[in-house]
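Beneath this line is the structure, given in structure tokens, with notes to follow.
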């Protein structure tokens, strides 16, 4: 079991056979060492008790019922007066049955077996370290090829004959022609290695530091050569350089973590605790078993068959032994990752077996569903919706969720302010939803951040802190700019809300996890709080007013109306028809009074800034007044000038949407400038 005070993290990696043996073996009081599972049986069909040395053996994994052995005898657990702490007849200790949740066993494999995760998963770690093609290694593991194993200090057949100096070669049709059956078996056992044992020998001979040095030298040589002019050769060199970098990183990782490469070849196969692969009796007396039990049984059956072939019958043909070794390798592959080599193994009902990989990976796997996704106190969950009026560091919490999360704080506030005499009265006031409850809840929430999390939490921005505010409804309101960090959108996504309780957690939430303090991606440094999806659509709608100016062309398809007979107004009429505003506040006020639409063109008086006028642009029309003043009308602006050609006013042709967008950007820039001035 994992002690939460001693172990702050959980890491999955390779372990040595000695470590597996230390985990799985135990010494019972009579001095006997148990832990090896040798029989493929589970429960006896008559007594319904676990078989000895089987997959549910009580000697190996502990008693099914606390303090009761396989014989039915009972002892008080932890009673020092009891002389015997185990049953001498069946060998079962009188201990707590919870040991069956973490006590492991092991299967001693007759032949080494390659761990399929490190062979078949991409990138293949074994292929990277050995610098061999994956297909050749697969042929070697599954006994399709062989590996020449010369013995030092002795002249061998493979050394004397130059035609057999290849490291990996097919011998099925060449070497047997020179030997009798018995002579070839002796020669093969001495000279040829195949299966996972051949891979293990090569991995054991590796020096990781020499691999790093040689890979670095080759990488530098490839970098000095430069482009060859042949595109295919250049791509080949780039792929080789990338491979060398991955190989060096892998070797450094093995050195840093004190892992030996040969540990990727299994000699001892761990057996999971029985409670993690249970057999359950349902209605009608039928039994339901975990698929892993059937896969373990298959491994034990084939391993015992191989043991019998090697021990009981010395005249067994080598081909039969190699075939059985291949079956053991395939059985272990199916146990670890069913279907990784092609068609998955199925049961009698054509249902695919769930292997160990299927149990732990995915949304319904052991980690995400049981360990990461389990329910905790002071947490809630709801659908997220957009809250465009919220600040970047705020989120909207529904009243129903907020009162449950902060109920203890509200109770304390009611009692401190003498509004409730005890906890029971305070809870009754909360159930009745009195107005004073919401006032105290508002006070509590002002100084207490909350954490929002969206699964899967793939990086640190998957959980951020926010300042909560009360909102109506039953959904969590979120600012759309923070969605990219969560990889969320508003099509029904759900998020979990957590309340940090300790002062350390609250300080971390305020200083490190607030959303407005995580504007850059921690991986590449690019801005992560950028408009996406709904915000881009909103900005498009906001600024999608007419950009064609005041000129109308009956042959321009953009100007065509739904009715072909509708009259296209003249330039003068459009100019006089569109309203004029002195400032943006008047224009927005007219929009709120529904006198104009969001995309209706209008004329807005602008500051006397000549930069908006193109130097070569000429007016479309010029209108003169009786006093000598005149209006120069352009496509997107007009200028009011005096008789002396002095500029009185400049009006730009825009829409309410453009005005709103400009004001938001202006306020953001001013706020940023003020913040920078405060910092300096």
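Here the Cβ of each residue, glycine as well, is placed from N, Cα and C on the backbone.
Listed in Swiss-Prot:
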BINDING   69, 71, 87, 90  Zn(2+) binding site
BINDING   489, 491, 493  Mg(2+) binding site
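Where Swiss-Prot records a feature, it is marked here on the structure.
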| residue | record | contacts (Cβ under 8 Å, 6+ apart) |
| --- | --- | --- |
| 69 | Zn(2+) binding site | 58, 63, 75, 86, 87, 89, 90, 92, 93, 94 |
| 71 | Zn(2+) binding site | 87, 89, 90, 92 |
| 491 | Mg(2+) binding site | none |
| 493 | Mg(2+) binding site | 383, 384, 454 |
Among 87, 90, the one of these binding-site residues whose Cβ has the fewest neighbouring Cβ atoms within 10 Å: 90
Neighbours of 489, 491, 493 excl. site residues, C-beta within 8 Å of centre, Mg(2+): 384, 488, 490, 492
Shell of the Zn(2+) site beyond 69, 71, 87, 90, same chain only (C-beta within 8 angstroms of their C-beta centre): 70, 72, 73, 86, 88, 89, 91, 92
All-chain count of other Cβ atoms within 10 Å of residue 489 (Mg(2+) binding site): 15
